[in-house]
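What follows is a single structure, written as structure tokens, with notes after it.
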Amino acid sequence: MYFEADNLIRLLVADDDSEYRDRIRRAFEGHPRIRVTALAQSGRDAIGMARDGAPDAALIDLGLVDMSGLDVAEQVARVSPGTVVFIATDNPSMDLYRRAMALGVRQVFTKNMTAADIAGMIEQEVDAIREEMRRQAEKLPLVAPGSGPLGRFGGQGALTQVQSVRREVIAVASPKGGVGKTTTAVNMACAAAAQASLKVKAAIVDLNEFGCVTIQMNMGTPEKALAGDMGYRNILNWQYISNNPSPEEVQEFMFRHVSGVWVVPAVPLPEKIAEVNQALITKVISILRNNFDLVVIDLPPSITLDVSWAAAEAADHILVVVTPDVQVIPGMNQLNTTLRALGVASKCYRIVNRYNIPGGLKISELDRYVPYPSLGVFPDEPGIMEAIKRGEPFVLSHPQAEFSLAVKRALNQVFPVFVESLQGTSKRKGGFLGLFKKRFA
């Protein structure tokens, strides 16, 4: 479904409780106007996403783990001046209300408001601002909600590790080839495996016909990587593994990259892709889920293949990688239709690669064709292509580059193994435990 730009309200939700973020996203699925286009787990993430995406509205938790929600609101107003900001809290007070209003926050909500109530308030405030802008358009150069500048995805300094790891299966998809899907998959897997202090066990499954993963990881083409006595190490031969194999048996059917990532290579020949059926994909993912913390699945460019359907259904999250190019739109129409038909659209997220290429579509324009919450944007850096040619994952050779930090931030939204700081505003117990029932006034 497409909306007129002036009617659609693009909402950013910032909370460090992943269950709440998913809950509020589901609450607004199918809403005629409000679409959750960005989910942030920290204040810094929220500020970066507001700068890059210029959402129409932002719902910010007062007690974010790294910053006060009021500080975040103030900075969001600076980097995206057209965004209408709302604060949510368990403990409202008149003092908080006054401080929030002084910063330009439109409303302070209690955390037990219903989804319908909060939607009504968001619509009311955004519409009021838009109407005021229309009346004043000829008098003052005001900024309409959502029209803030497109900034660069920020972030300086090294990322440190959190202290626990949860198991996730992530499928990486794209509407067409050449958008950076495999580059995203490889760099995410390597970034996770590089967390030696956490001993993250990461695996990547190559479902491409032409073995893109092994090429980018300097293992050669499938024919070379699978030559000689090691030829049985490809996905087709996983049909011969027992259903409950030992870790040693699993590793016998995989290659270990120098980064620590374990690789399930693609089919040895492109025509063999038809032999990878749903039963085999289900078996591979089930075994890997039991043996690894993170499993990244690099899907083939065509979502119409059975292998793509099976992997998408089995994954916990699906990352849709696009570039700001009009050529992705036809493919996105087909991809969206397929994902909805499979019933997996609710677990899809968007990544915009090479977002800063000259003449590219605006993030707000992509919102109409890639209707999934944003995990971040990746810059176009000259060194990335050279790293691909060398078979060297960029996050390993340039860990502090803007692209590498953006990859880690995006991965952190669904597989949290990085945080910028373990210090900051303490999170109050309970967080957003439910949807909202009444408005604080």
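Here the Cβ of each residue, glycine as well, is placed from N, Cα and C on the backbone.
If you look up TrEMBL, you'll see 10-126 marked as domain 'Response regulatory'. The 4-aspartylphosphate annotation in TrEMBL covers ASP61.
For ASP61 (4-aspartylphosphate), other Cβ atoms within 10 Å of its Cβ number 28. Broken down with DSSP, the domain 'Response regulatory' (10-126) shows 53 helix, 27 strand, 37 coil. Note on the domain 'Response regulatory' (10-126): mean pLDDT across this stretch is 89.
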